[in-house]
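Novice: Take this structure, written in structure tokens, and hold onto it; I'll ask about it next.
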């Protein structure tokens, strides 16, 4: 029983999606039941980083979303049209849809979800916010018992990269933007990122999920980072803050129960106290902090963009739909039999993992020795470690009291067994009084 | 259509669970379909932080797990027995189970999941690791397309609290443990936490999910924090590290494809480079870092224990099961009708949220002014803000060039409209040359 995927688009995210689907080893076994059935592209001759048999490729994207064989349509062409029309047509033809398209969902979410509701199909969009970081599904499922108070996110990698470099280098916005464009971290037309529009799309989606209602994109307040000057960053630093482009959705306090509930939904550069969890999210990383009752604060951190991370979210959504379909089909064909479990929720593995013996594991170590303060001790330690194939990163003699010395050693990656053997030998040295401590180093 | 819950235990987590169930406003609407049907307790007369009608309380826990009316059994009594027997009996009677019991799952997971598989019921356990932090469900669902390379976690709040205080205060393990016990952060018998056993239980569960196989608890290497001395923490600091109790599960590199795949599964104090995301996870907080292909690194951070956060995970699991039951029952009664959607996965809300006008939002602000370097300028700014109900946290004159001064202001929480009005007035002042920038402060 295979689930047939119609993939729309074979750009960065589409290629990443194909790479996962073509390489199922050590991933969830359900992946082996997914089939790349058709792939819609703009041009058939373009060189691509993945291999797709010619007969699966087509430039007729509409033929994919209307094909009765297709179970799940994956839309990764981006942009507003024809993405919107193709998604709607796929839904009308009873296909489940997975999309990474924040722009289309933020603008046409109402139309798309109304159609999906009517047709009884899922439209999943984990990849639309935070790249591969799980945040949509945790909001829908893992945190669903909470009353969400706020969602605060660094959800645009380009602006976070620029702000991080401005802070670290003391440079000006214009210069660093130009350099980011040169390096591929910013688009030739940087408007959507730099003016906060991309973050606003994502915030509209997050707020809708967090607060259980739709959001009109034009009601999201949006201010970009063009006005953040080097002087502001320097002052913020002196005052104990870093400047971040934050996307914030928050329930307003209700002054009386008769008042309608109100939200704040806004994107703008923000001074964040240095000790705040979001303050240390740097470069192109994204993070989303969710506050709720009774969870308190939870934060999700990771790569907010890129082919692989975004494809991770796309394929995971596809698997979630396939899991549901598997249950439905199984139950339909076995009306009186044992109900089938959703294979992602159930723990159906029965075999035992093989655990490596401790001596075989490879890690870095830290060790502290109390030794005589005599010449040659460091040399004898170094020689012993070397004889046991333990390579040292640093050796520091850190303290001397009377005729005693303290020596701290940090190793490179070593086989634990080798390190232990070296310690056993060192323990016999007359110049070493004590191995005071040993720890692993990440 | 209500889903009937049989709750085993009314301690810290049980009371937190009841609090959520009795207060569904602003949470997921499916909560209103959950009913606390029976609550099993050790003693009927004990005073409790929540109110349960007498007829729902019973000391006969077995009567709950065998009651044909009960749909979902929530096990929050903890410990090994009678938890194990009650979970198994519930499964035999066709109940879905939600548990927070890492000790029982780490030891009897094989038996419990084999029984669940045979009976066709779910056993969900989000609360067993990381308290309320979503990590089990993201591993099962949101990251399921990945080949997981490693899971590295700070999963024990007590030891992280002790290590954080040792670092900040330079104190000794014994003194700080005693103080933590006095303050309720450590148990009277701290063995399970301090010797890493609790972390090992959680790691066994995480590794099993990450790598799709069962784990024998006795094969998890386990070393606690009793040997971490103040001197070690000081040296680690000087070398650029902090010491954390880490739980690490990792695939070993396969030297040839014929070799069986091996895992490292270990709990021990570890020197973590200060710039590593886990290094800044302090106090009782937990965090789990997952590395996979193609996701790269993602980290989940939040409160690892406590009544509310743990109950958040318990009730979310209950809702996930109720959502599945709702689909099953709906489809069963409407064989030819429109399929019902899982209400947690579908976006079925149709109304629009009301967005607060920007002027009404309340936040802190930072503003930088270029002014004449003449007496009374700070006074006039302060008076103007005061007249508009804008309370100031700090005013700093930061730079003077020739006859110019720069003044930076940080406000307390203010209505944005008031702040804007004050700025409009300040703009007319002859002594103020420019409002160079304004930003919001978190």
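Every residue number used here counts from 1 along the chain in the order it is shown.
Quick reminder: no glycine exception, Cβ is built from N, Cα and C everywhere.
This is the feature table in TrEMBL:
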- B:202: active site, proton donor (ACT_SITE)
- B:8, B:9, B:10, B:11, B:12, B:13, B:14, B:15: NADP(+) binding site (BINDING)
- B:102: NADPH binding site (BINDING)
- B:187: L-homoserine binding site (BINDING)
- B:366-437: domain 'ACT' (DOMAIN)
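Each of these features: where is it, how hidden is it, and who are its neighbours?
Specialist: Non-local contacts of residue B:202 (active site, proton donor) by the CB criterion (under 8 A, 6+ apart in sequence, same chain) comprise B:102, B:106, B:128, B:129, B:130, B:153, B:155, B:156, B:247.
Sequence-distant neighbours of residue B:8 (NADP(+) binding site) (same chain, six or more apart, CB under 8 Å from its CB) are B:14, B:40, B:61, B:64, B:65, B:73, B:74, B:75, B:76, B:77, B:83, B:86, listed in sequence order.
For residue B:187 (L-homoserine binding site), the same-chain residues that are 6 or more apart in sequence and have a Cβ closer than 8 Å to its Cβ are B:158, B:181, B:193. DSSP assigns residue B:187 (L-homoserine binding site) to coil in the three-state reduction, placing it in neither a helix nor a strand.
When pLDDT values are averaged over the domain 'ACT' (B:366-437), the model yields 89.
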Novice: Ten-angstrom check, please: count other Cβ atoms within 10 Å of the Cβ of residue B:102 (NADPH binding site), all chains counted.
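Specialist: Neighbour count, Cβ to Cβ under the 10 Å cut-off: 24.
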Novice: Report the member of B:9, B:11, B:14 (the binding-site residues) whose C-beta atom has the most other C-beta atoms within 10 angstroms.
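Specialist: That would be B:14, with the most Cβ atoms nearby.
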Novice: Which one of these binding-site residues, B:10, B:13, has the sparsest Cβ neighbourhood, judged by other Cβ atoms within 10 angstroms?
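Specialist: Lowest Cβ count within 10 Å among the binding-site residues (B:10, B:13) is B:10.
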Novice: Measure from the Cβ of residue B:15 (NADP(+) binding site) and count the other Cβ atoms within 10 Å, all protein chains considered.
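Specialist: Its Cβ has 18 other Cβ atoms within 10 Å.
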Novice: Taking the Cβ of residue B:12 (NADP(+) binding site) as the reference point, list residues of the same chain whose Cβ is under 8 angstroms away and which are at least six residues distant in sequence.
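Specialist: Looking at Cβ-Cβ distances below 8 Å from residue B:12 (NADP(+) binding site), excluding near sequence neighbours, one finds B:306, B:307, B:310.
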Novice: In the domain 'ACT' (B:366-437), how many residues does DSSP assign to helix, to strand and to coil?
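Specialist: Residue counts in helix, strand and coil order: 23 helix, 33 strand, 16 coil.
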